[in-house]
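This report concerns only the one structure given below.
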Amino acid sequence: MNLKYLFLFQLILLSLAHNQGKSVKLSKKQAHHKHHKSQKFLDSIMDVNEDSIELLLQKHENFYLAEMTVGTPEQKLTVLIDTGSPNLLLTSSLCQQNSCIQHGSYNPSLSTTSYYIEAIKLANGEVGNEIDIQFASGSVVGVFFEDRVCLNQYCVNNQFIVGIVEQTEDIFSQMKFDGILGLGRIKEAVVKNASYIHNLEYDTDTRNFSLYLSNSEDDDMSSELVLGGISQHLIAPGEEFKFFDVTSDNLWTINIKAVFLGDERIDDCNNCQGLIDSGTSFISFPVYAMEKFYQKFGVYQLCSNIDSFPDLTFILDRGIKFTLTGSQYFKRNTHALFSKDICIPYIKNNPIIGDELIVLGQPFLIHHYVWFDEDQSKIGIVKSKQPSHQS
């Protein structure tokens, strides 16, 4: 069972009430920012690589999205950018439930390049013609297609697609996107050729990529996905990437040695793993760590006290620390039924993740620029540049 899929949509429901940020149409920017590519050792980055593909992302509520076209002629769909899963999962026209038809959907019958896969050998070794994906609060059933898929002008012919044909009504009717573009590690994929970025034929290595998430309304600080490089202008002044071994063949996980809330250690890990997950709206801890957090804060705080909140510090390999301030791991309530001076933590517990997995979702990624290196099995993290109005 894919742990990521179990976890993702439970958190989607918790995040629907929060509407922030500016939507920016997906586009390829002119090459006026320097793009760099990861070296094979831990502490430096190579010179300019002008062939990198730089794409802007839309922000809708707590989701970071891209416009994608599928088929011939092109069908436009909006997909969630998700480093926690590797597959391309799309709502299909074969699903006639209300939760499907209110979204955009992939219609294979309208595409001259669509191919229905009657049976395929899955990554688990079984042969099947559909897949049942279980989520924490529901499920989807998908069948398999191949078709032409493009992000902007960057296209893959015969891209593997999981087309949703059935899904849990009450959950997926609230989704603000039409599918998921997985950027996760390829070994977790349904089949070996499932990853769009691995299939992309281009004059740079798109298997490796960087991701910057922003809450900013400033066009120069929009969220970016860079395939095959990084954008130097997104790195905070004076900061450098620190590189860490990826600890799983299936997920973008790194070692977490300890977690502190101020001076108090809140983890109890012998071998905690941190999942870098752009598809999750929160930082998620095991239940025992959240008990310590709630003992400190309860479920909310007055925003007027936010400057006095202790730092939340993650200690990784070699004792390297990454810290979030109180204003970075709490958010101002936007629900009309409650006071605007109530701040709610960006932190949740989830019993599904077990006792040794910590999900470093959007609150972490908003303040850290991350390089994902499939070739070298490395993750690079650096403090990201923030506009003056973004905490």
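Every residue number used here counts from 1 along the chain in the order it is shown.
The backbone N, Cα and C atoms fix where each Cβ goes, glycine too.
A TrEMBL annotation is a machine prediction, not a hand-curated record.
Listed in TrEMBL:
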SIGNAL    1-17  signal peptide
DOMAIN    64-382  domain 'Peptidase A1'
ACT_SITE  ASP82  active site
DISULFID  CYS95-CYS100  disulfide bond
ACT_SITE  ASP277  active site
DISULFID  CYS303-CYS343  disulfide bond
Nearest of the recorded positions to ASP82 (active site) by CA-CA distance, picking from CYS95, CYS100, ASP277, CYS303, CYS343?
ASP277
Measure the Cβ-based neighbour count of CYS303 (disulfide bond), defined as the other Cβ atoms within 10 Å of its Cβ.
19
Neighbour count, 10 Å Cβ-Cβ cut-off, for CYS100 (disulfide bond): what number do you get?
22
List the residues of the same chain that sit at least 6 positions away from CYS343 (disulfide bond) in sequence and have their Cβ under 8 Å from its Cβ, in sequence order, or write 'none'.
TYR300, GLN301, LEU302, CYS303, ILE306, PHE330, LYS331, ARG332, ASN333
In Å, rounded, how far does the Cα of CYS100 (disulfide bond) sit from the Cα of ASP277 (active site)?
25
Report, in whole Å, the straight Cα-to-Cα distance of ASP277 (active site) from CYS95 (disulfide bond).
28
Fewest other CB within 10 angstroms, which one of the active-site residues ASP82, ASP277?
ASP82
Validating a neighbour-count step here. Other CB atoms within 10 A of the CB of CYS95 (disulfide bond): how many?
21
